[in-house]
């Protein structure tokens, strides 16, 4: 063993001052426990500007009481140029404060010691077994460095724990190497590996003749935590009794604000806090400053002036003035670390629904129409679909011919109960015009129906005459009074909108021609009953007319004046008048659904949240 041995650490930022306090306290405790208090010195390397301009007198006194030797050093020559050159690689680590760690090359200038064990200020020796490194590296040379493999890349060593031999020549060559080359990681660990580690030589010829050597030591002398998934839990549990030293790597240290609030603490984190509490108690520090609040934020500039403790009362004005300045800096650091309060005034405004979209939504999905319908209408409609019972005679009493004063598809639309009184009055005033148009067009319409019925009579299944008679008798409607043109005529939901038929002759029955589109849908009506109720009903009406045979027409002729045969015979007399009346094209029931109850049947198929925007 060498005569002059030292355990050294480095302080290049005031943010690491709590770590320097805890490390020095723990090392002294373990040296005393091992009985080597006088054999191994403790040394602190600190930059001159930090010690003289930043630290308070109390901090200086505490450091001098912990470490037997404090060495003030200056930054490396051309350090600013080196930092600028290594900035790109250093950005990969997202640790800008490590740019000042290049001063670690000054360790080889400690020629007053024969061998040095270097420990980062964020390390914590757990027991005195870590002192065995001096025995393991007792034959170390100046060209060797003893270190532990880095968990992120095991072919490289971690520079947080190193055994080295101070040497002036090695220090000079190393510092020149730092100036001339770019560090792998932009910091001290990369450049020291490039200088001492043969694994970093990409040239095989140079690697074989490499003059320096990395001596790999056991991982138990530098267990880095947290390892963020790299750590093997079984191995950690197995080698736990053999661990000599813990290294708190990463941005968040045990003394940082983030770690104190958010970090998932483990037993080693708790051990560091216990050591710091012992340090505080031994030096009788105020409880209010026992846990310095150091910012976790990355710094791109020189570290600010911060002290972790308040000075005791003193009569020296210069000391009090310095302490006040440092306290102000601590308050600023607290404000920087405070979480910002969310401002409700700047909360993002809700995205309003465009007006066009609102109109589109209310046009296609009219829920008021569905809610205003009587309940019995929907029940009766469902019953009709189930039993397929449609009364042709009663439907004819409620159908109106197309004319220029009516809207398309009004013959098959359910009139809303909320119609304005003005519309009723206007409809009554147009009755005379409507009656004339209907009388003139009856003969042509019934001729079309008769032709369609005769062509399809052979392929259609005729219904039972008895059942038809009963259905007709049960559903026959009564002639409404002139004062109520809007009154419901039958139970099949088919009404005449705003047109009174009280002036029609008893022997004339209006009827509407059949459109080709209805015949097309009738062929494929299976499965469409629920979605196309109006079309289905109109087809059923026309088909029922096709089912009548000659005997059925004769039987119904004597029972009522509103039968289909009587209407046909009466309308055929008006052929001459009908030729003078222009034929109006029937609406396309495939698309003219706005005035029908089509939406009231299909709207329930859409869930409430089908649209992306919510209409307020």
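Even glycines carry a Cβ here, placed using N, Cα and C.
Values in this document were obtained by computation on a predicted structure and should not be read as measured data.
Features as listed in Swiss-Prot:
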- 10, 16, 95, 104, 120, 122, 158, 159, 185, 188, 189, 250, 253: UDP-alpha-D-glucose binding site (BINDING)
- 400-419: compositional bias 'Polar residues' (COMPBIAS)
- 450-461: compositional bias 'Low complexity' (COMPBIAS)
- 462-485: compositional bias 'Polar residues' (COMPBIAS)
- 492-503: compositional bias 'Polar residues' (COMPBIAS)
- 230: O-linked glycosylation site (CARBOHYD)
- 598: O-linked glycosylation site (CARBOHYD)
Quiz prompt | Per DSSP, three-state class assigned to residue 120 (UDP-alpha-D-glucose binding site) | solution = coil
Quiz item: In sequence order, which residues at least six apart in the same chain have a CB under 8 Å from the CB of residue 120 (UDP-alpha-D-glucose binding site)?
Solution: 9, 10, 159, 160, 161, 247
Quiz item: So, in DSSP terms, is residue 189 (UDP-alpha-D-glucose binding site) helix, strand, or coil?
Solution: helix
Exercise. Starting from the Cβ of residue 189 (UDP-alpha-D-glucose binding site), draw a 10 Å sphere and report how many other Cβ atoms land inside it.
Key: 23
Quiz item: For the binding-site residues listed here (10, 158, 185, 253), which one has the lowest count of neighbouring CB atoms within 10 Å of its own CB?
Solution: 185
